[in-house]
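Engineer: Summarising the annotation, TrEMBL assigns active site, proton acceptor to D66, H137. Per TrEMBL, the feature active site, for ring-opening step maps to D135, E142. The annotation domain 'Glucosamine/galactosamine-6-phosphate isomerase' is assigned in TrEMBL to 9-224. Marked as site 'Part of the allosteric site' by TrEMBL: S145, R152, K154, T155.
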Amino acid sequence: MEVVIAAPDELARLAADAVERLLVARPDAVLGLATGSSPQLVYDELARRHAERGLSFAGARAFLLDEYVGLPADHPQRYRNVIGADLVSRVDLPPGAVHGPDGLAVDLEAACAAYEAAIARAGGVDLQLLGIGTDGHVAFNEPGSSLASRTRIKTLTRQTRQDNARFFGDDADAVPRRCLTQGLGTISAARHLVLLATGVGKAQAVRQLVEGPVSARWPATVLQLHPHVTVLVDEQAASLLELADHYRETYADKPPWQGL
Ligand SMILES: N[C@@H]1[C@@H](O)[C@H](O)[C@@H](COP(=O)(O)O)O[C@@H]1O
């Protein structure tokens, strides 16, 4: 696990560099996209590179991490619509190449199995962007999630619904109670995980993610078991890390050719 502590705009550039490198090496790469505020600056940077220097997503495919259950197809907070506005409409990623779990399916369990099959058919995810919840969730894998879980139905914690109320008119009760989410096992199968976290509200979750014991209590700790993880954090999100100075020195010493 590599930990990089830098300002948010620099973190976004680093994540965008990793995506760009991948797309140049493999134009038909499979991207794993996260919603939420954490990847916003990355999407801004990717849109800028697309507009200014023609970074192309035309051959790429993408999979979303999660989706609320039951939000109407045209709801602005349906994650397929969120990613459409945040990224897809701003680059040349073909809309049909972007997949998400179907939170409107009549048979939700079948939709989860179909989603796993679609990821497998695409050859798996090359680079997965991730955020982290204040309670340590990744995607919507709330505390108590099996570290080996696959795409399934989950119930959101009160904490997560409160955190996400800002997208629903500040009304936590308007946030759906259930979701479909890639499991921790699904996410762990991606070849490179790039997690972004900013702000002091994420400091405890980041501390657990990087330095805590691996435990379903803090689901993001499963990333410690993955061979290629990059954790991009600002000073505030890094503020509880015991070994922050070591991470800074290690990154400062890194050869420039190495990439993330
Ligand atoms: N389901 C999403 C996650 O994929 C996201 O990473 C996390 C943090 O959100 P944010 O980046 O807005 O802080 O919680 C949300 O509820």
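Keep in mind that glycine also has a Cβ here, set from the backbone N, Cα and C atoms.
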Engineer: Taking Cα atoms as reference points, rank the active-site residues D66, D135, H137, E142 by distance from K154 (site 'Part of the allosteric site') and give the first.
Structural biologist: E142
Engineer: Would you mind sorting out which recorded positions among D66, S145, K154 put a C-beta under 6 angstroms from ligand 1?
Structural biologist: D66
Engineer: Spatially, and counting Cα to Cα, which of the recorded positions is closest to D66 (active site, proton acceptor)? Options: D135, H137, R152, T155.
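Structural biologist: Given the candidates D135, H137, R152, T155, the nearest one is R152.
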Engineer: Let me check the 10 A CB neighbour count of H137 (active site, proton acceptor). How many other CB atoms are there?
Structural biologist: 26
Engineer: Determine the Cβ neighbour count for S145 (site 'Part of the allosteric site'): the number of other Cβ atoms within 10 Å of its Cβ.
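Structural biologist: Neighbour count, Cβ to Cβ under the 10 Å cut-off: 23.
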Engineer: Can you count the other CB atoms that lie within 10 A of the CB of R152 (site 'Part of the allosteric site')?
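Structural biologist: For R152 (site 'Part of the allosteric site'), the 10 Å Cβ neighbour count is 22.
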Engineer: In which DSSP state, out of helix, strand and coil, do we find E142 (active site, for ring-opening step)?
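Structural biologist: For E142 (active site, for ring-opening step) - judged by DSSP and reduced to three states - the answer is coil.
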Engineer: Tell me the Cα distance separating D135 (active site, for ring-opening step) from T155 (site 'Part of the allosteric site'), rounded to the nearest angstrom.
Structural biologist: 14
Engineer: Between C-alpha atoms, which of these active-site residues comes nearest to R152 (site 'Part of the allosteric site'): D135, H137, E142?
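Structural biologist: The answer is E142.
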Engineer: Does E142 (active site, for ring-opening step) have same-chain partners at least 6 apart in sequence with Cβ under 8 Å from its own Cβ, and which are they?
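Structural biologist: Listed in sequence order, they are G133, D135, K154, T155, L156, T157, T160, P219.
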Engineer: Using C-alpha atoms only, work out the spacing between H137 (active site, proton acceptor) and S145 (site 'Part of the allosteric site') and round it to an integer in Å.
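Structural biologist: Rounded to a whole number, the Cα-Cα distance is 9 Å.
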Engineer: Just counting, how many other CB atoms are there within 10 A of the CB of K154 (site 'Part of the allosteric site')?
Structural biologist: 23
Engineer: Going by DSSP, is R152 (site 'Part of the allosteric site') sitting in a helix, a strand, or coil?
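Structural biologist: The residue in question, R152 (site 'Part of the allosteric site'), is strand (DSSP, three-state).
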